[in-house]
Amino acid sequence: MKISVNWLKEFVPSLSFDCSGLVDYLTFLGLEVEDVFEQKLPDQKVIVGKIVEVRPHPNADRLRICMVDTGEGELRQIVCGAPNVEAGMMVPVATIGAVLTAVSGETFTIKPAKIRGEHSSGMICAADELGLSDDHDGVMVLDEACEIGQPLARYLETDTVLDIAVTPNRPDALSHLGVARELADCNEIVYPQAPVIEFTRGGGLIEVQDEESCPYYTATVIKGVTVGPSPRWLARRLEQIGLRPKNNIVDITNYILHSFGQPLHAFDYHQLAGSRIVVRSDAESSFMALNKVEYQLQPGMTVVCDAREPVAIGGVMGGLHSAVTDKTTDILLEAAYFNPASVRKTAKQLQLSSDSSYRFERGVDPCNVKRAAEYAIAMILEIAGGNVDSAEAWGDMPAAQKIVSLRPKRVNAVLGSSITASRMVRLLEKICIKAVSQEAVSDDVDSIAFSVPSFRVDIEQEIDLIEEVARLYGYNNLEPAPVMVSSYPVSRKVPEYFPDYLRSIMIGLNFREVLTNPLIRKAEADCFSSMLVNVLNPISEELEVLRPNLAPSLLKVVGYNMRHGNRELRLFEVAHGFEKQPEAGRGNEGPLSAFLEKELLSMVITGRREPRSWNRQDENVDFYDLRGVVEMLLEKLNLLEKSAFNIYNARTIGIEITSTENGKTSVLKAGTVQQVNREVLDVFGLDQDVYLAELDVTLLERCFESGVIYEPPSKFPVVERDLSFVLPRHIPAQRLIDLAKASDPRVRSVRIFDVFDRGTTQGEPSTRSVALSLELADRSGTMNEEAISAVISKVIDNARSELGAVIRQV
């Protein structure tokens, strides 16, 4: 958006920034200046001339010979090709030797010339040839008040035009008034004065059928206007920001748009059938817009119509048929508030954007509609003549202000600042956001209510006001400070809904949750239990029993995915399993005591461990991958230290948790980890190994310990030692790990790094070698060799006495 500094000074006469200071300050306020255009005065040899005579060029149809009075006593002959030259026009004349710099940046010097056989001593200039605008439709026409022979620079002013990038949340800054509000205190803004217009209601001039899309609409009929070129000052204002003047009526609406940010539209009143305006959203017809493109209007688009057809797309663009022309004598001036969502939808559907839609889409000031209309009417009466025949309004203007509360302590907490409450009030008052209370604000106040003006549509809540305080106070004035982190006591309670907590952990472990039907086929359930709960009247063989656990349901999901080409799976489910109770375990609570319902967490993995890649061999997941997942789950529940993994058979290990309740310690069976056997895989039609784990949710919740106990890192070095034991094959390696950890508190961690099984030798007991890597550390000091040897001796002695394990001899 282009902003003229001279235009800004109409609103802020005291504006004292130099160009670089203004650019820096606007950017600092969040209105980034993308480019700066310095508009300089033309060469002194460009003077004011008056065309006295125009005659055709004898040798060229498109050229004309102009005799121009430049105040030198003799008329100057100039050959000109502009289509708009006429006798009596005041024009800029570049005399011999004048150096011109065009808008394009090209520089050229005027020299005597002979054009198609006719002498030409100078050039009648268009605005773009003088570097004043990009208008090249004809020569530049000057006011009659200009004195012949005087340098044109005398009647022009230097200006600086800023190209500002306005963010979507700041539609209030899409005008010169909006930018002026940023540069000066609210009370320093000078608003142009215009007579108050009394808009009547119910006169029949307006009918709004879609009040949601157009809550407020005004129409003013002005008769007896004279449409013609705009005064030089008005045309110059528009040229400075890159707009091409058209005629005085259209130029006034554009001037109001860029001054106040309120789009207006003028219709030729005699082209409106029925002399009335209807705003509706059910039109379905073709429409020729001002850009001479035909659009197909659809129901749902906000359209302004006369008694017969659409004459404008509401908030977007007017129609060509009702446009103001040189023959127009009576106009209808529209000033309205269109719903941003409605304009955005219509503009997007039609792929049509305009200066008006750009502002309506983002939100114009609803309280500015009437004032902008009044000022436009005053300008039209002054410049184009005529008189107001009627002025009518429909609907009500939205509320003028919003009330938003601000807590000074919250501001300083967010910004890391120490701004006083009274300073915050003063900062916000600069941009017309005023405290509701008229009393002086004390610095220890808890909350302050502010009245937000209607043009700040982006301010809805406290954090928006905090942003404004930071912006006005200056981000560069915020002193760097340590990050303040609020400290809250760690809750030791069980999460409000424990199954959801388990779900969040599993998702964090890269598993996908599935939801399955608890009713399954009997053949599938038989693979996992004989104590099945049968459905009395099953609707199909697929739904004849309740699942005893979640395994059959998960395996069905695995099979479905494999048949559809998805063979790498990590799935889990938290749900219920159902089994019959043995007679001995039933209570006396009624028929339901014959059944046992358990809440379970089940998980399966299958397929490749990692995606296929050129730099590594394919490896499938195995039993230990799933065991690792279970260990991570137990660790997050703070249960790993209390858990033990016991081998049930070659394919299954059990998970047991040591629990202490009421002073009694017990070992509870929490679940299993297993490789699904081949017979079960065949039942479910699976052709690759699947690994399954199942845990009792109720038991996990009972044993769960919330909270993280912080353990600071040791200040002293860690010592590593390796031990290789030979132990009977039937003893799980986990027992050796647990025993090593329990031997001495200075044993920080134990892990297996090698296993060697030499097989069975006749006449000798069956043994295997398990190599352990131990990390030792003492929090009270550095361990010397004597201390290290003592710990290692304890581990070796305990392994020998408890497990019959001996150190492997090399």
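Every residue, even glycine, has its Cβ placed from backbone N, Cα and C.
Listed features, source Swiss-Prot:
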DOMAIN    40-153  domain 'tRNA-binding'
DOMAIN    399-480  domain 'B5'
BINDING   D458, D464, E467, E468  Mg(2+) binding site
DOMAIN    714-808  domain 'FDX-ACB'
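Looking only at other Cβ atoms within 10 Å, the busiest spot among the binding-site residues D458, D464, E467, E468 turns out to be E468. The domain 'FDX-ACB' (714-808): residue composition by secondary structure is 30 helix, 32 strand, 33 coil, according to DSSP. Under the DSSP three-state reduction, E467 (Mg(2+) binding site) is assigned to helix. Report note: the Mg(2+) site is defined by D458, D464, E467, E468, and the residues of the same chain whose CB lies within 8 Å of the CB centroid of those residues, excluding them, are N169, R456, I459, I463, L465, I466, R471.
Under the DSSP three-state reduction, D458 (Mg(2+) binding site) is assigned to coil, being neither helix nor strand. For the domain 'tRNA-binding' (40-153), DSSP puts the residue distribution at 5 helix, 50 strand, 59 coil. Shown for the domain 'B5' (399-480): DSSP residue counts in helix, strand and coil, namely 33 helix, 14 strand, 35 coil.
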